[in-house]
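Student: Reproduced below are the annotations present in Swiss-Prot:
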- H101: active site (ACT_SITE)
- D104: active site (ACT_SITE)
- E232, E268, D296, D339: Mg(2+) 1 binding site (BINDING)
- E268, H271, D307, D309: Mg(2+) 2 binding site (BINDING)
Amino acid sequence: MQSYFNELEQVRYEGSQSTNPLAFHHYNPDEMILGKRMADHLRFAACYWHTFCWGGADMFGANAFDRPWQQPGDALALAKRKAKVAFEFFHKLNVPYYCFHDVDVSPEGASLQEYLNNFAVMTDVLAEKQAASGVKLLWGTANCFTHPRYGAGAATNPDPEVFSWAATQVFTAMNATRQLGGENYVLWGGREGYETLLNTDLRQEREQIGRFMQMVVEHKHKTGFQGTLLIEPKPQEPTKHQYDYDVATVYGFLKQFGLEKEIKVNIEANHATLAGHSFHHEIASAIALGIFGSVDANRGDPQLGWDTDQFPNSVEENTLVMFEILKAGGFTTGGLNFDAKVRRQSTDKYDLFYGHIGAMDTMALALKFAAKMIEDGQLDQIVAKRYAGWNSELGQQILQGKMSLEELSRYASQHNLNPQHQSGHQELLENKVNRYLFG
């Protein structure tokens with residue numbers, strides 16, 4: 001059978017002077033950055049859902065793409081054909097990882113037993129494809145939001161039978177992820193939220209999803225899964241208000257149910273936009289709270305109130321993101337998954353490559369500039385100087401709980417404190433960042 005992307009052998013690094021649109025201009029996998037290969041810093045992954053499952057439909061139009069595996073026919077045979085094309089794409093794009101939802105790779109079927117049988121078959125197919133290609137699984141997850149049964153949520157559903165079906169999907173997807181050597185397992189609460197408080201018991205739903213997550217953690221330890229569990233925050237869409245609104249909200253939830261040491265976050269840039277935050281803010285918040293895990297690299301449109309899932313193309317924005325990640329020691333089990341899709345009018349199959357190549361070059365440049373910022377050290381020095389007072393005897397006594405409010409009041413009076421404001425030098429810092437980026 002002829003390959004689907006028959007006009008391309010493999011995308012390779014050709015340098016910034018190349019005019020080849022099917023080549024990397026900045027992403028050189030073997031280039032050493034801060035003592036580590038660029039590929040090992042970035043840990044790129046392509047996603048199954050936007051790339052091979054979306055047919056181009058939107059709220060106002062039908063499918064626009066010609067994808068042979070999306071035509072009518074035997075569902076399992078078409079899933080196998082899709083897997084063949086997917087791994088051809090992963091290989092030719094030269095990405096080390098991929099990600100999937102259960103029903104991205106396997107037909108859901110007409111019953112729970114059909115779902116289980118189909119997924120078992122496709123897990124074996126994926127294992128064969130991974131072994132033949134060398135492509136690995138960054139993370140797996142379960143789609144507990146598309147089917148009509150999940151109209152009122154999965155773990156937060158008012159019906160415990162729906163909760164049980166969702167638990168079966170997550171149980172099965174976790175086992176498949178472990179079997180395939182997945183390095184993480186993601187939990188995104190697509191419909192874990194509400195449309196109106198008039199028919200919603202917030203306390204009840206919070207208890208339900210808390211218990212669900214506890215069961216996921218219990219299953220991880222029971223089976224010996226060595227990967228990281230990740231929650232992906234999102235404020236709204238498809239529901240009006242979702243319980244995993246942003247990083248800070250997720251952390252509060254994890255603390256309530258004693259899970260802050262068990263589950264980290266997978267941060268999507270577009271979801272940060274929807275929450276009214278910068279991507280930089282969400283990354284820095286997760287790192288500060290000790291729950292940073294992985295990234296869905298994309299971008300949203302700040303003028304639109306929905307998830308546009310465009311490919312990342314802002315080197316400036318992503319340099320600051322990579323700066324935070326590098327300062328924190330880089331990825332461990334996580335990586336940069338492109339949760340992004342081509343535009344509906346981009347109907348040429350090679351548009352899939354153009355989108356990913358541009359995104360990979362963007363993140364490669366961001367990594368290089370972030371490394372310059374790390375090596376130069378000026379930004380860190382300015383921040384350290386700004387907070388230096390907290391390393392003094394007074395600062396340490398406060399932080400270590402050795403002074404009460406009354407004692408601090410007495411100290412201030414006895415020492416006749418009269419502190420003066422010190423400049424934050426924001427403009428200077430912004431100029432420095434621009435010089436790293438533009439010279």
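Cβ coordinates are placed from backbone N, Cα and C, and glycine is handled just like the others.
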Student: When you measure from the Cβ of D104 (active site), how many other Cβ atoms are you left with inside 10 Å?
Tutor: 22
Student: Let's check the environment of D296 (Mg(2+) 1 binding site): how many other CB atoms sit within 10 Å of its CB?
Tutor: 23
Student: Translate the DSSP assignment of E232 (Mg(2+) 1 binding site) into the three-state scheme.
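Tutor: Its secondary structure by DSSP: coil.
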Student: Just give me the nearest neighbour of D104 (active site) among the binding-site residues E232, H271, D296, D339, Cα to Cα.
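Tutor: Looking at Cα distances from D104 (active site), the smallest one goes to D339.
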Student: Given the recorded positions H101, H271, which one is most crowded in terms of C-beta atoms within 10 angstroms?
Tutor: H271
Student: Which ones in the same chain are close to E232 (Mg(2+) 1 binding site), with CB under 8 Å and 6+ residues apart in sequence?
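Tutor: V186, L187, W188, D244, V265, N266, I267, E268, H271, D296 - these are the non-local Cβ neighbours of E232 (Mg(2+) 1 binding site), listed in sequence order.
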Student: Rank the binding-site residues E268, D307, D339 by how many other Cβ atoms lie within 10 Å of each Cβ and give me the one with the fewest.
Tutor: D307
Student: With Cβ-Cβ distance below 8 Å and at least 6 positions apart along the chain, what are the contacts of D309 (Mg(2+) 2 binding site)? List them in sequence order.
Tutor: H50, N270, N298, G300, D339, A340, K341
Student: In the same chain, which residues outside the set E268, H271, D307, D309 have their CB within 8 A of the centroid of the CB atoms that define the Mg(2+) 2 site?
Tutor: K234, A269, N270, T273, L274, D296, N298, G300, T308, D339
Student: Distance check, please: Cα of D307 (Mg(2+) 2 binding site) against Cα of H101 (active site), rounded to an integer number of angstrom.
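Tutor: So the Cα of H101 (active site) lies 18 Å away from that of D307 (Mg(2+) 2 binding site).
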